[in-house]
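To start, I am sharing the structure in question, which I have written as structure tokens.
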Amino acid sequence: MSDQVIIFDTTLRDGEQALSASLTVKEKLQIAYALERLGVDVIEAGFPVSSPGDFESVKTIAQHIKNSRICGLSRAVAKDIDAAAEALKVAEAFRIHTFISTSTVHVQDKLRRSYDDVVEMGVKAVKHARKYTDDVEFSCEDAGRTPIDNLCRMVEAAIDAGANTINIPDTVGYTVPGEFGGIVQTLFNRVPNIDKAIISVHCHDDLGMSVANSIAAVQAGARQVEGTINGIGERAGNCSLEEIAMILKTRSEYLGVHTNLKHDEIHRTSKLVSQLCNMPIQSNKAIVGANAFSHSSGIHQDGMLKNKNTYEIMTPESIGLKNQALNLTSRSGRAAVKSHMDEMGYKEDEYNLDTLYADFVKLADRKGQVFDYDLEALMHFANLRDEDDFYKLNYLSVQSGSVMATTSIKLLCGDEEKCEAAVGNGPVDALYQCIYKLTGYDIVLDKFDLTAKGEGEDGLGQADIIANYKGRKYHGTGLATDIIEASGQALLHVINSIHRADQIAEIKQKKVETV
């Protein structure tokens, strides 16, 4: 048996299901690039048949990612598999992941089929997927609650049909480590053709057991672990891949396995996912939380000063968290900014230095010192910015009292600059009234969040909104030292997305009319 554990990331598929609004194609591609840098073996980019947006995202990622295998999810249905194959065919290497429910409650109450029918459907799906690729993964949904005899039967049939990866999901996070490890061990003991496939596990965190269950499965012989960055996912989330990575690295002698991950990419990958998904990382989160390497107890601090090994089982540097000795100021040149980006591991083709430096100078003039985390935030937002944004904020002035606020803005609408002033219940409300008047969009805000992206009173603030327009949800984000400006950027992000969608719909309609 191989001692390498394959890392299968499903942040862009299972993880995204936890978000209030879908990520854009550009945001998903940024995350995919980060996962590729991290050394993830397989990236599950989406569920192509579920929507045109998901299909386009999977196709785009398949076109651009070269060093990770791209995977698309499908039900055990021919049209799903066909859609996945169509989206993935441009990839250097791809996998089709098909699944069907196998637990008694799912088979009887959801599928309303006999178990014989379910096995037949699974076999047909695997055989159909093999027409497109020799890399097929088959999942037994809700395997954790599936009678073991039925599970063994399904696994054997799927392998015979051509599946070379068999995934055993604890779909509702029901099992405990000894139990889940026992399920995997039983498969190895009872399925005669088990040596022809890699056993994978996909654990959810409803009882807080996802990481522990995954490790128990690895000890029982599983050689692929599925999960997400920061453990994001439906309900209580998924298995945290950064935790799996550092467990397998830190306890490699005991567990006897390894991964191909570049562990020093963990920190920035985690930050990127948190930022783009607008899901803050709790301070005490293992591996990537702000307090993960903090020591406040006097006894602990004394031990750390004498020998870090007294209380530190891994170093901040091992996940790419480095202390910054030199801060940047408005007097720092382009070379200094580039040097900091180089030290953080960013390549020149991952960002536009001219754009980044221009944004850096503006920020440095406002806050004095600029830190590495500021540069990262500026880079991520610059990468998301579209040059063809129709609406751009040129000027903002706020007057706020104890009761009401007045905001004046100048908004560039295409080539025309328009001015507006409004009174509102606070500066953000007044600003939004101005933008609504000038753009004419009737938008309903479902969610509004402000988070700090740096340290100190002059740190960057990020505004994230979820907006509803004509029944469709949009996610907008803005970044600035001024939270009012950041809030305006977030709303304009949404409105520009709506404007582009309207333009595309208009072009399509004209084509239909022409035909």
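Heads up, the Cβ atoms here are built off N, Cα and C, so glycines get one too.
Bear in mind that the values here come from a model prediction, so they are computed numbers and not experimental data.
Copied straight from Swiss-Prot:
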type	residues	note
BINDING	Asp14, His202, His204, Asn238	Mn(2+) binding site
DOMAIN	5-267	domain 'Pyruvate carboxyltransferase'
REGION	392-515	region 'Regulatory domain'
Given the model, what does the mean pLDDT over the domain 'Pyruvate carboxyltransferase' (5-267) come out as?
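Across the domain 'Pyruvate carboxyltransferase' (5-267), the average pLDDT comes out at 96.
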Going along the chain, which residues six or more apart from Asn238 (Mn(2+) binding site) have their CB under 8 A from its CB?
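Set apart from Asn238 (Mn(2+) binding site) by at least 6 residues yet with Cβ under 8 Å, we have Thr10, Asp14, Gly15, His202, Cys203, His204, Asp205, Ser210, Glu226, Gly227, Thr228, Gly231, Ile232.
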DSSP secondary structure for Asp14 (Mn(2+) binding site), reduced to helix/strand/coil, please.
helix
How many neighbouring Cβ atoms, not counting its own, are there within 10 Å of the Cβ of His204 (Mn(2+) binding site)?
26
Using an 8 Å cut-off from the Cβ centroid of Asp14, His202, His204, Asn238, can you name the remaining same-chain residues around the Mn(2+) site, in sequence order?
Thr10, Pro169, Thr171, Cys203, Asp205, Ser210, Glu226, Gly227, Thr228, Gly233, Glu234, Gly237, Cys239
Let me check the 10 A CB neighbour count of His202 (Mn(2+) binding site). How many other CB atoms are there?
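Looking across every protein chain shown, the total is 28.
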